């Protein structure tokens, strides 16, 4: 198998994993979203630490201790990804998978907006059109829901912000996931301890299968990230940028076809506006990428549940991860 085909295989596998995450998180009931998040953090830290130890690749931790600005960035990234993970798990648990899919559809547009507001990047005409359509879509969906689609906006905002921070850290995928999860491990353990003290911890209390699924939350988090890293090393950025839409498409399908969440005409119209905006955005990004010299576009070290997109187009996270999905 050629390296290119292997890259496609890794990329599709990663996004399929992220796309079907709702099925996994739903299996963890009756565990509440916060306990699921805490388990995801703790077991991710343990799994990735063991993996890197087996590969003898923990030496980078020593150098991090002498880089306070990087440590501050890691802490900020950890907070943002915790918000992203927690929001996503909450959305799945409260039967709002369609709204979480919307969040990952609009993440590229929010990332572009962050690039303009925080980095002073200038937009091309097609990007302005995409942002305008995206804003109109949010208005339509607000009318349909009778409220702001705040879960979608929180997912998109936290992940776009996470991608912006990760772009500056430059840590590889597994290493990034380890230090970010480790930064959250003490609070996660404290929360689990508090639940155990109050007799509310579900670990080991429901069934052997349920306990196994909770422990495997760390493995489930790490595997698609590592697959994505393999894809990002072998595929062009534009290809990864197109593949990233697989995840929210699959999430939307899970929400509507498997969990039978409603999709009234007004909500569908809002999604159509988002898709038109993404088509305009992606076509412009591909054209722009073809006109500039090849080379690294951005850091590829995200621990999110999907790759990251910048003003110039989709960015993956090989050294990390593009826009990751929860």
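Note: Cβ is positioned from N, Cα and C throughout, glycine not excepted.
Caution: TrEMBL annotation is automatic and unverified by curators.
Copied over from TrEMBL:
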COMPBIAS  304-326  compositional bias 'Low complexity'
DOMAIN    6-142  domain 'EamA'
REGION    292-326  region 'Disordered'
TRANSMEM  7-25  transmembrane segment
TRANSMEM  37-58  transmembrane segment
TRANSMEM  70-90  transmembrane segment
TRANSMEM  102-120  transmembrane segment
TRANSMEM  125-142  transmembrane segment
TRANSMEM  148-165  transmembrane segment
TRANSMEM  177-197  transmembrane segment
TRANSMEM  209-230  transmembrane segment
TRANSMEM  242-260  transmembrane segment
TRANSMEM  266-286  transmembrane segment
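The stretch in 7-25, 37-58, 70-90, 102-120, 209-230 that contributes the largest number of Cβ pairs under 8 Å to the transmembrane segment (177-197) is 37-58. Look at the domain 'EamA' (6-142): DSSP puts its residues at 115 helix, 0 strand, 22 coil.
The listed stretches are 7-25, 37-58, 70-90, 102-120, 209-230; of these, 102-120 has the most Cβ pairs under 8 Å to the transmembrane segment (148-165).
Taken together, the residues of the domain 'EamA' (6-142) have an average pLDDT of 89.
Within the same chain, the transmembrane segment (37-58) packs against the transmembrane segment (209-230): three or more Cβ pairs sit under 8 Å, each pair at least 6 residues apart.
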